[in-house]
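K.L.:
The FAD binding site annotation in Swiss-Prot covers Gly11, Gly12, Gly13, His14, Ala15, Gly16, Val123, Ser178, Gln367. What Swiss-Prot lists as NAD(+) binding site is 270-284.
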Amino acid sequence: MPRRFDVIVIGGGHAGSEAAYASARLGARTCLVTHRRDTIGVMSCNPAIGGLGKGHLVREIDALGGLMGRCADAAGIQFRLLNRKKGPAVRGPRTQADRKLYRQAVQNVLFNHPQLEIIEGDVFDLNVENGTVKGVILADGQSLPSASVILTSGTFLRGLIHIGQTKIPAGRVGEAPSLGLSATLGRLGLRLGRLKTGTPARLDGRTIDWAQLEMQAADEQPVPFSFMTDRITNRQIECGITRTTAATHTIIRDNIHLSAMYSGQIEGVGPRYCPSIEDKISRFGDRDGHQVFLEPEGLDDHTVYPNGISTSLPESVQKEFMRTLPGLENVTILQSAYAIEYDHIDPRELSASLELKRLSGLYLAGQINGTTGYEEAAAQGLVAGLNAARTAGGQDVVHFSRAQSYIGVMIDDLISHGVTEPYRMFTSRAEFRLSLRADNADMRLTPIGIALGCIASDQEKRFKDYRHQIDDTINMLETRKLTPNEAAAVGIPVNQDGRRRTALELLAYPDISIADLSRLWPELDALDSKVAEAVEIHATYAVYMDRQNADIAATKRDEDRLIPKDFDYASLSGLSNELKQKLEKTRPENLSQAAKVEGMTPAAISLLIAFLNKGMLRHVG
């Protein structure tokens with residue numbers, strides 16, 4: 001009798017690790033199937049976590065009890081808060097990470113979870129019965145039954161590495177691709193596409209002349225990702241900065257016909273916001289140089305990652321142009337750069353739970369959905385893991401709104417618009433970024449996590465204490481009032497208009513802090529620094545939030561107006577045949593998604609609302 005699981009996760013990358021951990025936290029009997037146990041949690045490309053938009057996702061994962069934030073804190077060796085001089089809404093926490101420490105941190109959690117079993121193997125096929133996935137079939141013929149399956153294949157689906165004219169079937173360097181699953185997905189009639197990403201060469205740091213380079217230090221006060229991290233204990237390092245030169249550009253231009261991207265050898269589309277050095281030279285040829293960050297990959301590792309210079313040129317050309325960069329005149333390349341193509345599905349095939357609309361029981365997360373980046377993959381893995389476990393347990397799935405989280409923004413973008421290139425998160429993608437800040441991810445999402453049961457007891461207790469302190473402080477500041485003269489007497493300048501202001505109103509002034517107010521109310525001196533910062537940010541944005549809250553409420557109303565799954569759009573009179581076909585193809589779950597269908601007009605939405613209001617939609621039978 002084969003072992004039976006509630007949830008099987010295919011793949012042990014960032015999406016798979018987060019999915020397996022989320023499922024196991026909910027108590028589901030979870031199995032993670034991966035080619036090699038020792039590669040779970042590996043950082044396949046850049047040795048960094050977070051950044052603009054991406055750091056918000058990591059904070060949200062942590063607020064829901066996930067892995068990535070804690071593991072990044074355990075492995076971080078150069079913490080920097082990006083956009084520090086700008087408003088809190090667009091600040092992005094980031095760290096360079098020690099690859100070995102990060103992998104160990106992920107594995108320490110997963111290997112020791114009682115609800116999680118890890119199996120080494122190659123999933124060759126899915127067991128599908130009557131339109132429902134019932135488990136997986138391994139390449140050795142073994143069948144593993146389960147209630148839900150999560151596919152997190154990364155770049156492994158028909159993965160093909162390109163170095164110049166050389167092609168190597170692989171999911172990443174040294175690991176075989178997954179061929180059977182691509183065939184299965186195609187056989188099931190899913191819309192597949194081809195995308196491309198790339199990674200730069202790895203350099204031997206002992207052969208770099210660091211004395212020539214500008215050095216970038218870590219922040220003096222590291223800002224952790226995880227709510228549960230009190231302080232960063234790793235030694236913090238510097239990274240070097242160099243630039244391409246005219247000689248670099250000449251070599252690349254002279255050999256660009258040998259690039260896999262420019263020879264027509266690659267059919268997949270690459271990420272717009274992480275272009276190869278060939279793209280940079282072709283598209284921005286008038287620049288005198290392009291910045292390259294030399295990022296050490298570990299505290300006891302001499303490998304260096306040259307961020308900003310990915311390529312698919314031949315190895316000989318890579319060596320030639322690399323040595324034209326200042327500081328790299330004698331550099332040794334440890335691993336050549338390469339581009340990799342892989343299959344993905346059209347994410348419009350998915351519901352907001354990340355389950356396939358036409359194949360129940362199968363959830364997808366990560367690069368298979370058309371995204372790029374560790375953080376985007378991990379966030380999807382978390383959602384898929386929670387929903388697969390809840391479905392297996394007979395519970396309703398959970399949806400994350402774009403008004404509630406960057407996770408919701410990303411998923412809504414994917415399932416509403418699909419992708420024509422690898423999708424990357426930016427703060428500019430969110431309409432409600434004043435309220436979707438990295439600093440308040442816990443306040444937005446941890447209560448949801450507590451209700452779902454995916455928050456550990458120590459995190460729940462700490463969060464409730466933290467929220468209680470913030471609420472008490474805000475309430476206190478709302479009850480304390482000052483006249484302009486009283487404020488001026490303690491060095492707090494305000495307009496001399498005679499109006500009494502609350503302490504919270506005063507705190508909204510850009511030059512007034514909790515420390516200033518503590519001259520009047522010394523009890524504020526005792527506030528925890530995180531609580532004080534949270535209260536200051538709350539005061540800063542409070543005046544802007546009324547209008548945004550009204551917009552958020554309108555968005556939520558549209559998201560809450562569900563459209564029956566079996567609605568026959570052909571019967572909806574008043575719409576063009578083209579729009580009916582698009583609605584039939586995308587099958588939006590609610591009004592918010594329907595409004596994003598290409599060609600949808602305000603008149604068409606009004607017609608759909610009228611049908612909903614009049615009860616003319618055919619009910620699910």
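These residue numbers are counts, starting from 1, taken along the chain as shown.
From the backbone N, Cα and C atoms, a Cβ is placed for every residue, glycine too.
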K.L.:
Any same-chain residues 6+ apart from Lys280 (NAD(+) binding site) with CB under 8 Å of its CB? Would you list them in sequence order, or say none?
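P.N.:
Residues satisfying the criterion: Arg287, His290.
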K.L.:
Taking Cα atoms as reference points, which of the binding-site residues Gly11, Ala15, Val123 is nearest to Gly270 (NAD(+) binding site)?
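P.N.:
Nearest in space to Gly270 (NAD(+) binding site), counting only the binding-site residues, is Ala15.
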K.L.:
Between Gly11 (FAD binding site) and Arg272 (NAD(+) binding site), what is the CA-CA distance rounded to a whole number of Å?
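P.N.:
Spelling it out, the Cα of Gly11 (FAD binding site) and the Cα of Arg272 (NAD(+) binding site) are 26 Å apart.
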K.L.:
Which of the three DSSP-derived classes (helix, strand, coil) applies to Val123 (FAD binding site)?
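P.N.:
Where Val123 (FAD binding site) sits, the three-state DSSP reduction gives strand.
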K.L.:
Check the Cα-Cα distances from Ala15 (FAD binding site) to the binding-site residues Arg272, Ser276, Ser282, Phe284 and tell me which is shortest.
P.N.:
Arg272
K.L.:
When you rank Arg272, Cys274, Glu278, Ser282, Phe284 by Cα distance to Gly13 (FAD binding site), which of the binding-site residues ends up on top as the closest?
P.N.:
Cys274
K.L.:
Would you mind reading off the Cα separation of Ser282 (NAD(+) binding site) from Gln367 (FAD binding site), to the nearest angstrom?
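P.N.:
On Cα coordinates alone, these residues lie 27 Å apart.
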K.L.:
Which Cβ among the binding-site residues (Ser276, Ser282, Gln367) has the fewest C-beta neighbours inside 10 Å?
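P.N.:
Ser282, out of the binding-site residues Ser276, Ser282, Gln367, has the fewest neighbouring Cβ atoms within 10 Å.
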K.L.:
Do you know offhand how many angstrom separate Cys274 (NAD(+) binding site) and Gln367 (FAD binding site) by C-alpha?
P.N.:
15
K.L.:
Ranking the binding-site residues Gly13, Val123 by other Cβ atoms within 10 Å, which is at the bottom?
P.N.:
Val123
K.L.:
Would you measure the largest Cα separation among Gly11, Gly12, Gly13, His14, Ala15, Gly16, Val123, Ser178, Gln367 for the FAD site and round it to whole Å?
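P.N.:
18 Å is the greatest Cα spacing among the residues binding FAD.
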K.L.:
Just name the winner among Ala15, Cys274 (the binding-site residues) by count of other CB atoms within 10 A of its CB.
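P.N.:
Highest number of other Cβ atoms within 10 Å: Ala15.
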K.L.:
Note down the number of other Cβ atoms within 10 Å of the Cβ of Arg272 (NAD(+) binding site), including every protein chain shown.
P.N.:
13
K.L.:
Just counting, how many other CB atoms are there within 10 A of the CB of Gly270 (NAD(+) binding site)?
P.N.:
22
K.L.:
List only the single closest residue to Gln367 (FAD binding site), chosen from the binding-site residues Arg272, Ser276, Glu278, Phe284 by CA-CA distance.
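P.N.:
For Gln367 (FAD binding site), the spatially nearest of the binding-site residues is Arg272.
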